[in-house]
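Engineer: Heads up, here are the entries from TrEMBL:
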type	residues	note
DOMAIN	A:1-110	domain 'NADH:ubiquinone oxidoreductase chain 4 N-terminal'
TRANSMEM	A:21-42	transmembrane segment
TRANSMEM	A:62-81	transmembrane segment
TRANSMEM	A:93-111	transmembrane segment
DOMAIN	A:113-404	domain 'NADH:quinone oxidoreductase/Mrp antiporter transmembrane'
TRANSMEM	A:117-137	transmembrane segment
TRANSMEM	A:149-168	transmembrane segment
TRANSMEM	A:195-217	transmembrane segment
TRANSMEM	A:224-247	transmembrane segment
TRANSMEM	A:259-279	transmembrane segment
TRANSMEM	A:286-304	transmembrane segment
TRANSMEM	A:310-331	transmembrane segment
TRANSMEM	A:352-370	transmembrane segment
TRANSMEM	A:390-413	transmembrane segment
Amino acid sequence: MLKILIPTLMLIPTTWLTPKSWVWTTTTAQSLAIALLSLTWLKWTSETGWSTSGPYMATDPLSTPLLVLTCWLLPLMILASQNHISPEPINRQRSYITLLILLQTFLIMAFGATEIIMFYIMFEATLIPTLIIITRWGNQTERLNAGTYFLFYTLAGSLPLLVALLMTQKDMGTLSMLIIQHTKPTNLLSWGDKIWWVGCLLAFLVKMPLYGVHLWLPKAHVEAPIAGSMVLAAVLLKLGGYGMMRITIMLDPLTKELAYPFIILALWGIIMTGSICLRQTDLKSLIAYSSVSHMGLVAGGILIQTPWGFTGAIILMIAHGLVSSALFCLANTNYERTHSRTLLLTRGLQMILPLMATWWFIANLANLALPPLPNLMGELAIITSLFSWSPWTIVSTGLGTLITAGYSLYMFLMTQRGPTPLHTISLHPSHTREHLLMAMHLIPVLLLVLKPELMWGVCH
Amino acid sequence: WILAWMGLEINTMAIIPLMAQQHHPRATEATTKYFLTQATAAAMILFASTMNAWTMGDWNINQISHPLATTTVTLALALKIGLAPMHFWLPEVLQGLNLTTGLVLSTWQKLAPFALILQISQNTNPALLTTLGVMSALVGGWGGLNQTQLRKLLAYSSIAHLGWMIIILQFMPALTLLNLTIYITMTSTMFLSLKIMASTKINSLALAWPKTPTLTTLIMLSLLSLGGLPPLTGFMPKWLILQELAKQDLPITATIMAMSALLSLFFYLR
């Protein structure tokens with residue numbers, strides 16, 4: 001773990017000490033080296049499932065794919081930000097990169113934490129750099145409002161979590177994940193215990209986000225700069241899912257009865273947010289709502305607590321992280337050229353930017369869960385396990401899949417096909433950097449088709 | 001107790017001319033209000049200690065044991081430092097002062113009463129302390145929401161922080177001291193940086209970015225720390241206090257305190 005943390009922290013002096021023309025190159029290269037190094041975590045050799053590198057930091061097959069995803073995204077974020085940051089003075093560019101690196105460090109420590117309190121502190125700590133990125137470098141005036149929404153929704157959910165965790169520590173004596181998986185199930189009967197259960201889960205449900213408390217997500221995504229959107233969609237939402245998976249270990253057996261309203265909200269949310277996507281005029285908002293929809297599936301999969309549900313959840317999280325981030329990058333390429341997110345103004349791009357149209361095509365196919373891509377693997381696992389939990393869920397999940405296909409195709413057709421409006425004829429051609437960015441997003445998705453065991457080590 | 005009372009009176013007298021230095025009518029008004037409240041509090045302390053001596057025959061500070069006496073002295077000390085529901089003087093007094101005097105008022109002036117509070121902590125009524133603490137945290141949060149004047153904002157933040165400090169007093173006084181120390185550090189940072197930028201309203205803070213970007217970043221970080229966000233140091237007292245409250249099986253109190261921290265955070269964030 002230290003092999004990865006220390007180079008990441010050392011990236012900060014790197015950004016401040018390299019000469020001006022080399023900053024972006026060196027940071028991208030170094031973060032890419034770190035990402036490749038993080039791939040070594042994917043080899044699980046330990047018997048108990050946890051490979052420890054210290055009493056407080058350990059990796060196991062649940063956290064490793066998410067860790068690798070996080071490390072992989074940092075060079076991609078830096079690549080994506082190059083264009084829109086370049087007009088600013090060099091020190092501000094450096095501080096932007098420093099913020100991204102700090103966020104990365106907190107995320108690595110969050111996913112690698114074994115004490116749940118440490119996970120909590122890192123979970124909260126990731127809010128601060130994200131808040132600064134959204135409010136300082138966002139594009140519209142609504143970004144202040146978005147930042148406030150973001151911070152307060154998340155904090156209102158996580159403060160009860162803190163109290164619940166502290167109460168657990170008092171009762172069980174420890175909050176180390178290594179130990180909790182072996183404790184006997186607690187006897188939870190009274191009303192107070194039910195509130196404790198909700199307190200534990202609420203923070204993660206807000207972060208995921210669950211349909212009822214998802215309002216911060218479209219605001220935050222739309223107002224954030226590209227790197228902010230990428231990291232938000234890809235990793236921060238997964239923090240919520242990961243936290244839920246860890247916490248549900250100690251929440252049995254109450255979860256069987258209490259999870260009903262949340263599962264229903266999640267399933268209903270899939271359909272509702274999918275339908276909203278069909279009526280959106282703002283491209284980034286469309287992708288944001290599609291994130292909510294996918295995460296609703298993930299929430300449903302986790303809350304029913306079956307092995308296939310968990311497996312499907314984590315596969316979908318990884319695949320959705322990569323694909324969603326890729327879609328945001330694509331939307332950003334449009335935004336950088338036309339400075340508008342409105343779908344109507346960025347139509348018919350296949351004529352002008354044909355190679356980018358290929359990437360749009362692949363990303364949208366991945367979003368609608370085309371076989372054999374891992375998106376489908378995850379969705380299928382979750383839908384199957386939900387069906388075995390209750391046959392009626394097939395109504396909402398099936399409808400949800402249909403609507404997802406609908407809006408993904410809608411997004412593709414609106415941006416690529418159709419007559420090109422006259423004002424877009426004089427756009428810049430695609431940069432190599434953008435192609436590289438898209439390739440690095442989508443090639444892992446394709447590679448994961450070949451070896452999905454990397455993702456589902458948890459239950460098989 | 002007599003010596004304690006004398007010390008508090010001398011403290012009040014000494015700071016009065018310091019506050020009245022600026023010959024602005026608002027400063028004079030603030031000085032008068034401050035003098036009145038502090039004198040009342042000191043008189044109440046004298047009364048309580050005399051009553052205790054009369055009924056129990058004891059002048060020792062930490063042996064004050066008659067329930068009426070302890071309640072009175074707790075309320076008097078709460079008035080001195082500005083805990084709700086005796087907090088009404090604090091925003092106006094702080095507003096009338098310039099930033100340096102305000103700094104002294106918020107930090108140094110709290111040390112003496114807190115020394116007394118810590119010493120009488122064993123015998124105080126737990127329900128009273130909890131009520132004072134929770135009310136202060138909530139009032140500090142709600143009151144600061146509509147403020148644009150920075151000094152009043154810092155006054156309400158002081159009320160909220162004092163609430164946190166009081167609530168843990170009955171369980172682990174060491175945490176009260178820790179919270180006090182960290183609060184003094186953070187507030188001093190805020191006051192001094194505001195003094196450097198010579199700004200007293202939120203609007204003037206918005207112009208700070210071009211002047212001193214480093215200082216603005218520091219102000220932002222220290223404001224977030226005041227709000228109690230991890231991983232900044234300001235989180236540590238809140239965390240430990242919540243832990244102690246949880247250990248004592250008081251989850252509801254803990255949740256109320258935590259939510260009121262959110263209120264304060266909102267106006268820090270502006």
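Glycine residues also receive a Cβ, built from the backbone N, Cα and C atoms like all the rest.
For the listed features, I'd like the structural context: burial, neighbours, distances.
Structural biologist: Using a Cβ-Cβ cut-off under 8 Å and counting only residues 6 or more beyond its ends in the same chain, the transmembrane segment (A:62-81) has close neighbours at 4, 8, 24, 27-28, 31-32, 34-35, 37-39, 41-42, 44, 96-97, 100-101, 104, 107-108, 111-112, 225-227, 230-231, 234-235, 238, 242, 245-246, 314, 317-318, 321-322, 325, 329, 332, 433, 436-437, 440-441, 444, 454-455, 457-458.
Long-range contacts of the transmembrane segment (A:93-111) within its own chain (CB-CB distance under 8 A, at least 6 residues past either end) are made by residues 1, 4-5, 8-9, 11-12, 15-16, 23, 27, 31, 57, 59, 63, 66-67, 70-71, 74, 77-78, 81, 85-86, 118-119, 122-123, 125-126, 129-130, 132-133, 137, 227, 231, 235-236, 239, 242.
Within its own chain, the transmembrane segment (A:117-137) is flanked in space by residues 56, 85, 96, 99-100, 102-103, 106-107, 109-110, 143-144, 146-147, 150-151, 154-155, 158, 161-162, 165, 169, 175, 203, 207, 220, 223-225, 227-228, 231-232, 236, 239, 243, 246, which lie at least six positions past its ends and keep a Cβ under 8 Å from the stretch.
Note on the transmembrane segment (A:259-279): residues 201, 205, 210-212, 214, 286, 289-290, 292-293, 296-297, 299-300, 303-305, 386, 393, 396-397, 399-400, 403-404, 406-407, 410 of its chain, located 6 or more positions outside it, place their CB under 8 angstroms from a CB of the stretch.
A Cβ distance under 8 Å defines the sequence-distant neighbours of the transmembrane segment (A:310-331), meaning residues of its chain 6+ beyond its ends; these are 62, 65-66, 69, 73, 76, 80, 221, 226, 229-230, 233-235, 237-238, 241-242, 245, 283-284, 287, 290-291, 294-295, 297-298, 301-302, 341, 356, 359-360, 363-364, 366-367, 373-375, 377-385, 434, 437-438, 441-442, 444-445, 448, 452, 455-456, 458-460.
Remote same-chain partners of the transmembrane segment (A:390-413), defined as residues 6 or more beyond its termini with a Cβ less than 8 Å from a stretch Cβ, comprise 267-268, 270-271, 274-275, 277-278, 283, 286-287, 290, 293-294, 296-297, 300, 343, 360-361, 364-365, 367-369, 379, 382-383.
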Engineer: Do any residues of this chain, six or more beyond the ends of the transmembrane segment (A:224-247), have a C-beta under 8 angstroms from a C-beta of it, and if so which?
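Structural biologist: Same-chain contacts beyond the ends: 62-63, 66, 69-70, 73, 76-78, 80-81, 84, 96, 100, 103, 107, 110-111, 116, 119, 123, 126, 130, 133-134, 137-139, 143, 146, 177, 200-201, 203-209, 217, 284, 287-288, 291, 295, 298-299, 302-303, 310, 313-314, 317-318, 321-322, 324-325, 328-329, 332.
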